[in-house]
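Here is what Swiss-Prot says about this protein:
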type: BINDING; residues: Asp14, His15, Gly16, Lys17, Ser18, Thr19, Asn131, Lys132, Ile133, Asp134; note: GTP binding site
type: DOMAIN; residues: 2-184; note: domain 'tr-type G'
Amino acid sequence: MQHIRNFSIIAHIDHGKSTLADRLIQYCGGLSEREMESQVLDSMDLERERGITIKAQTAALHYRAKDGQRYNLNLIDTPGHVDFSYEVSRSLSACEGALLVVDASQGVEAQTVANCYTALDLNVEVVPVLNKIDLPAADPDNARSEIEDVIGVDASEAVLCSAKTGLGIEEVLEAIVARVPAPKGDPAAPLKALIIDSWFDNYVGVVMLVRVVDGVLKPKDRILLMSTAAQYPCDQVGVFTPKSVAREELSAGEVGFVIAGIKELEAAKVGDTITLATRPAAEPLPGFKEIKPQVFAGLYPVESSEYDQLRDSLEKLRLNDAALQFEPEVSQALGFGFRCGFLGLLHMDIVQERLEREFDMDLITTAPTVVYEVVLNNGDIIHVENPAKLPEVGKYAEIREPIITATIFLPQEYVGPVITLCNLKRGSQIDMRYHGRQVQLIYELPMNEVVMDFFDKLKSVSRGYASLDYEFKEYRSADLVKLDLMVGGEKVDALSVIVHRASAQYRGRELAAKLRGLIPRQMFDVAVQAAIGSHIIARETIKALRKNVLAKCYGGDITRKKKLLEKQKEGKKRMKQVGNVEIPQEAFLAVLRVDEGK
């Protein structure tokens, strides 16, 4: 026990977590030269391509320290992106220590702070590491003072290293051994193991990544999952040295995997406690809070015959992604599909991309929306995540929208444009602090303003230097209305959006104009209208294509021409009564791309 160290690496995106993990694995001989590749722990193609970590991964390393002892180091690599912050808290709850990696040239950024506070809340020992000191722009002293200023962690003994060149890696390992406490736990007590993560493997079923707190777990033991009371025979236990290696047993303080022939992922819930059926623990370990999706969007197959395939694909994805939620829904415009819940926009983007890549699906996505609280006239409260499900205008007393608290870090010179952007998005400033060259802005913003395109806009007004972290605060009453779009007098449910009354006229006009350009011309006039309730606020007309019926009259009598024109008019009128308009895929995406106040 004294020679085990469990630690994870936390940092802002692109501060070098995965590279540092590579170096530590290489230094401790976890993989041979041939198997070593960059970002070993990012196993998904998508993770590699975007250069982000999505799933937390682990590696068990052996390190002979300068005091001559051999230590077992369990490394858990965590994602840095705000959408995956729950992955971070899960990883941290399995550790006693965390390496706080800060890019010496960038200083402290938003996720650095958020993740570090998560670590401190869980009583994890934080070891600051200044990375990228080989860069000419590196300024370790400034980074040190920012860590002390902003986070309040003592950084006088921060380790300097460069994960790219391998400089200072030994010092990092020594710091882990010296400063991270050994795990506490009793190998003789009844087994308690926390499930940190679980995923589905095609050959062995569900693989659970666990941290053993008390007791010992061996193959052939019957295990009991405490939240569902289900029992399974344990087939295999082991550790990842990124590759999986089977072991005789996992004992208190260790992190490893358990395979127990479980077929469905729902059975192995993350945050659940595993114990032995023969000698169960009295009470489970404190788990994690359930993750609630923040952003909803409809996913529909382009070919309606692929509906079943889409359902299977979503179910397979959910095996690896506990946060994804979906339920079937029907849209008059798009047919059968699913309403999916995501943690944020990046998560939505990634799920969509994985469906298209790994499962070959062609998808139509509707505009992302957040969950609104609607107070009905009789006082009942319902939650609405789909604009089409909003009750009619007289049926409810008020709509409340989710408000988030956003923390934005940015260099001083971009404060003006960022404040302007936040005000455009109906934000209210709570606080503003200066830390050296960096400014920390704290704003309250309505979540549906953030969902659309806030992140992209923030990056563009600050040239990519601003970083954002947000958390849900509360539901607050607002003057919101449902904007319907009608094509040829028919409501298109998939194009409805919920907007603030102040920007409704503008949005309505913009959307109608956009759709006019996207819907192909028909043989008859098509009206594109934006409406709030029964009140039409904007209209555009798609002009009909017409044949020149007078081409065959050379000269001739005016009454003859009139007769032909009248006949054409009659025909168009009849077509208009029976004609229906095909709406192209681009039209659904247009809803996403209407810019607020240009």
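From the backbone N, Cα and C atoms, a Cβ is placed for every residue, glycine too.
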Cβ neighbours within the same chain of Ile133 (GTP binding site) - under 8 Å, at least six residues apart: Ala104, Pro140, Leu160, Cys161, Ser162, Leu167, Gly168
Local backbone state of Ile133 (GTP binding site), from DSSP in three classes: coil
Tertiary neighbours of Asn131 (GTP binding site) (same chain, Cβ under 8 Å, six or more apart): Ala11, His15, Gly16, Leu20, Val101, Val102, Asp103, Ala104, Cys161, Ser162, Ala163
Taken over the domain 'tr-type G' (2-184), the model's mean pLDDT: 75
Longest CA-CA distance among Asp14, His15, Gly16, Lys17, Ser18, Thr19, Asn131, Lys132, Ile133, Asp134, per record bound to GTP, angstrom: 17
CB contacts for Asp14 (GTP binding site) [other CB atoms within 10 A, all chains]: 16
Structural state of Asp14 (GTP binding site), classified by DSSP into three states: coil
Packing count at Ser18 (GTP binding site) (other Cβ atoms within 10 Å of its Cβ): 24
